[in-house]
């Protein structure tokens, strides 16, 4: 486990968790708001990146707005002895975005591999599902696909006020 | 509560440069004093153009967010995927109760008996259990926890 955030790291997280300023010197803008120096904000973000606290500094596309209106969470019951090997192969498919091993919740939920499939239609998503099924072969005992019908909330992580 | 637009953009809303930006900025945005200038250079545009294109893409809803993505687990907290089977006639009421928690980072309605799937993100590990228990008490419904055991990939490419 890495060291928890110190109070200054925490202020930087809070100042940037909704997004980075779209101004020519964004770290200087964050620094100014927090009464820090630009160099310190950059150094602390770099340190948080090294420690794995910042996963990446990046853009999050809105799949739906970009026409990827079918979003299927495919779930698979994969034999335990092959889950790591096959999970890595499924995760490497170009059309799979998020891919995780998660615990089963028996008896109602036998699935231990979750792979998010995006497409312009359910037909396209189901063709992708078929490719995953072919890859898993007999190591997969059953599967299902859960489509999202509404985004109910999407804010990302928010730190509480101390 | 944030409800992102579910409006689909017209096909010509983004041009090739916009799509190249979406693919290029999925990781590795520079930690330099003028990062937009540095990120724009390999794309063959000026930093000011990158800023104006990102601003526009955010305004039209092509991107939901631009900035650092934090790992709650590495901060000493946790993320957990959760699911609930919510009766249809109580859906809006339960949705309001669930979404009222700031720990609920994303929430999706899905086609299954387990019809509400949300992610809890907390900056303390005990926050997951505590929030799930609170939601169970408020709603009278079971919250199923699906923590990740192993992660295989995260990424997304738009057709360039």
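Every residue gets a Cβ built from N, Cα and C, even glycine.
The domain 'Siroheme decarboxylase NirL-like HTH' annotation in TrEMBL covers A:9-55.
With DSSP states grouped into helix (H, G, I), strand (E, B) and coil, the domain 'Siroheme decarboxylase AsnC-like ligand binding' (A:66-153) comes out at 30 helix, 38 strand, 20 coil. For A:66-153, the entry in TrEMBL reads domain 'Siroheme decarboxylase AsnC-like ligand binding'.
Along the domain 'Siroheme decarboxylase AsnC-like ligand binding' (A:66-153), the predicted structure has mean pLDDT 92.
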